[in-house]
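The following features are taken from Swiss-Prot:
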type     : residues : note
SIGNAL   : 1-28     : signal peptide
CARBOHYD : Asn37    : N-linked glycosylation site
CARBOHYD : Asn162   : N-linked glycosylation site
CARBOHYD : Asn170   : N-linked glycosylation site
CARBOHYD : Asn209   : N-linked glycosylation site
CARBOHYD : Asn234   : N-linked glycosylation site
CARBOHYD : Asn316   : N-linked glycosylation site
CARBOHYD : Asn331   : N-linked glycosylation site
CARBOHYD : Asn350   : N-linked glycosylation site
CARBOHYD : Asn419   : N-linked glycosylation site
LIPID    : Ala420   : GPI-anchor amidated alanine
Amino acid sequence: MALLLLRMGVSVALLVAFFSSLIPSSEAYDPLDPNGNITIKWDVLQWTPDGYVAVVSLYNYQQYRHIQSPGWKLGWVWAKKEIIWAMNGGQATEQGDCSKFKSNIPHCCKKDPEIVDLLPGTPYNMQIANCCKGGVLNSWAQDPANAIASFQVSVGQAGTTNKTVRVPRNFTLKSPGPGYTCGSAKVVRPTKFFSQDGRRTTQAHMTWNVTCTYSQIVAQRSPTCCVSLSSFYNDTIVNCPTCSCGCQNNKPGSCVEGNSPYLASVVNTHNKDSLTPLVQCTSHMCPIRVHWHVKVNYKEYWRVKITVTNFNYRMNYSQWNLVTQHPSFDNLTTIFSFNYKSLNPYGVINDTAMLWGIKYYNDLLMTAGPDGNVQSELLFKKDPKSFTFEKGWAFPRRVYFNGDNCVMPPPDAYPWLPNASTRVMSSILLPFITIWTALTFLMVYA
């Protein structure tokens, strides 16, 4: 009876754990960037007769995930009947119903405003610091100076003291599609600001923070990249797994043949404002392919060539980045044509590298075609304790492109050393050979 109750208890616990895992959470976990998030900081700087003036800033603390054009969209729901009188450095996408105002019409009267960044070239009297980049928000490791965005908002019909102000709720962040989940606003210590000479400090009247984390599952996106492998010691080229990012279908326009005589007209007439990739017809149907080639074996070093190919006719990837995980990054000696930074997600273990293009040279990955690729070579020093070409050790454990996890080939498909098949066959035949030898011995000497 006790054993039955124990089994029932374990079953219930497993069911609870399973269903609780289905409940949406504001926390997401990326094993290569466990602390990555976008923090929204709301600083109330000035009280007004019917509200306040605040500066809202977005800090992208993600190491390698950035927001590309057409940029971020930040939304929330007002706690009471607040309105937005005016804005600098950003704008609400809709004004809403402001018909009750006879004069001095507000910038936005919606209960749930959605804010976007202003474009580069905006007049100076409409700008503030860290604004007007078209919603582009770079990653913290790649370009920390441009990993911040800000706008100023004048709020009316709101509280005018720390005790009467009500923080907004239900924050949303789009990039521009789904993927981010935001927690509740939390009042924190007021932000302090330092004068240019560093001799005076001022502070906000009130500050609250909102933390938003990204999940590829929440984004409901199919994979956007895949990995192919090859080596100097094996003629086999392991392609991306079939249907890595989708499968070809009979629907016209689902992909474009790279050698089609009508290629230019198809690409030019397609809706370029759409975020849906227009990809070249391949077996994997991914917009991006990362190829890892084990190129040369030296006495004390070994060399790898990485090629990133764009199969998307609809997008140039600006400020692209690549994250790869391999134990030999602790012994990386030289990298050509790319920038490099060690991420160290596990502290002392240096096995994760972030790679990105050199500004004005290859930081822009062009659309699909002859120029739609970037490449680099990496030189590693051999560690006698761990280095081997056996069993696919020389290939990466994980690969991310622009923060998205790429589809890897199955490990049993990796290029093996030429004598690997002989070793495997020998290990299989060894028991049979032993038995046959024993039987022969018995027959002869019995």
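Glycine is no exception: its Cβ is also placed from the backbone N, Cα and C atoms.
Not measured: the values here are computed from a predicted model.
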## Note on the structure
Looking only at the glycosylation sites Asn37, Asn209, Asn331, Asn350, Asn316 (N-linked glycosylation site) has its closest CA neighbour at Asn37
### Message
Let me spell it out: for each of the glycosylation sites (Asn37, Asn162, Asn170, Asn209), count the other Cβ atoms within 10 Å of that residue's Cβ, using every protein chain shown. Which one has the most?
### Response
Asn37
### Task
Out of Asn162, Asn209, Asn350, point to the one nearest Asn170 (N-linked glycosylation site) in space (Cα versus Cα); all of them are glycosylation sites in the record.
Asn209
### Task
Would you identify the secondary structure of Asn331 (N-linked glycosylation site) according to DSSP, in three states?
helix
## Note on the structure
Per DSSP (helix/strand/coil reduction), Asn316 (N-linked glycosylation site) sits in coil
#### Entry: For Asn234 (N-linked glycosylation site), nearby residues of its own chain (Cβ under 8 Å, 6 or more apart in sequence)
Pro415, Trp416, Leu417, Pro418
### Query
Compared by Cα position, which of the glycosylation sites Asn162, Asn209, Asn331, Asn350 is the closest one to Asn37 (N-linked glycosylation site)?
Asn209
### Task
Identify, in sequence order, the residues in the chain of Asn331 (N-linked glycosylation site) that are 6 or more apart from it along the sequence and have a CB within less than 8 Å of its CB; answer 'none' if there are none.
Phe380, Lys381, Lys382, Asp383
### Which of Asn316, Asn350, the listed glycosylation sites, has fewest other Cβ atoms within 10 Å
Asn316
### Pairwise Cα distance for Asn162 (N-linked glycosylation site)/Asn209 (N-linked glycosylation site) [Å, integer]
15
### Task
Determine, to the nearest whole angstrom, how far the Cα atom of Asn209 (N-linked glycosylation site) is from the Cα atom of Asn350 (N-linked glycosylation site).
32
### Message
Under a three-state reading of DSSP, tell me whether Asn170 (N-linked glycosylation site) is helix, strand or coil.
### Response
strand
